[in-house]
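The structure under discussion appears below in the form of structure tokens.
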């Protein structure tokens, strides 16, 4: 088996001319390798086509990209409320902007009319979409919002969320984070019932599926919890949803808990007087629900808890309550996306009872234990590798020093549409702090490597600034497999770890050495300080690292 894997890797190697000398310009090396990383709609063994759903989608060339962010807010007490619900949602979406920068939308309800919602959606960044004039039109006592990076459908305005449909029982709005693994079978089911679909978006499919009557029927009007439960049984992976009706919001997390969702309480602005009170003792002026907790403090809310895997939460002006909890199929373990800790989430968010920053710090400590090296200083690729770099420095006793100066006005490099633009983006994005670098042996920490295009130019920059050794340490395992649950890793050909092992990659990017954190090391770091009620159910999705998909093999799930 080991020999077979070695032979397969050798067959995918770049030509020797691209890796013979570390003296070559990393930009030229990246360009040479890119020609060999040809993108297709099949994996390298030709066994698993990605299908029309994923082929040609808007983000297919950008490598590893974020998912989406969902947010909801509802005021308590008498309506109309004094809380500017639309403003709360907008600020909540700004805090989730890192999860998607293509489009955004807000839908609000005044709570007294089931026929119409107030809607504003658009392409671009949140601060450009929601102007003073558009915010004035978003009156309401409750609402939901969404910020998007395309996964299963193209980057077009028609795919902007939240989706709003008009049913026989009134308007319904849905915002979705994730990607349905059995999208095609659910799509056929919905179409067979005479329902038309205007997009290829999973989110519209979910919205239309919710309009279908549950199999047990309904006696006195729509039974929305039953409809939601039916959807969850039809589609166990992967989603967090916020669903708005006239006067209530439902929060839903898939039975595996693959995508995050949490609840916060809007507390009075005079809350300083209650700073020693526990959160359950504080009065509630409203409730919020969000993909991440990172924006809660900035909108005057306090973190309460996560929505549990498989849980359906109902939010009304009277408070929140659990409607039902759907168990994992076949009693499988939960499968929270481990890359939320590694890369996607903001460092001040809380998952499973712990702050993301603390987990990343622990990843750095574990990395130092597994892959220590003699050096003078430790630094990071800002901002994503900084927490792990501090952990590495503390474990080794080395000093942490900043070596890269980041230009805040250059967009994220992975969003650029071509390799050349991505490489130029790196050159524009960083400068080197030569006084910290010159004459030093440096350990540089980054959170992950996807294509391998950006680390080479950074190493060249540091060597030009006088670094005598540059050792790369990655605070996560190598990415080897595609993800079909809301993260854009569409083909194995894109992933540099499938082409080069750590030693070969170090030579390719011009590093003195390169090492990854192990899968077991990552799990150990994540689970060290985790606080959960049922440890026996705890699990994390490592599909992109191990090929172990939580719902079974991809072919079994019509991928």
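Keep in mind that glycine also has a Cβ here, set from the backbone N, Cα and C atoms.
Range 1-58 is the one annotated as region 'Disordered', of 1-58, 59-116 (source: TrEMBL). Per-residue pLDDT, averaged over the domain 'Glutamine amidotransferase type-2' (68-318), rounds to 90. Apart from the site residues 384, 446, 447, the chain places the Cβ of 343, 380, 381, 385, 388, 445, 448, 474, 475 no farther than 8 Å from the centroid of the site's Cβ atoms, the recorded Mg(2+) location. Taking the centroid of the Cβ atoms of 337, 483, 541, 544 as the [4Fe-4S] cluster site, the other same-chain residues with Cβ within 8 Å of it are 258, 338, 339, 485, 487, 542, 543, 545. Around the Cβ of residue 447 (Mg(2+) binding site), 24 further Cβ atoms fall within 10 Å across all displayed protein chains.
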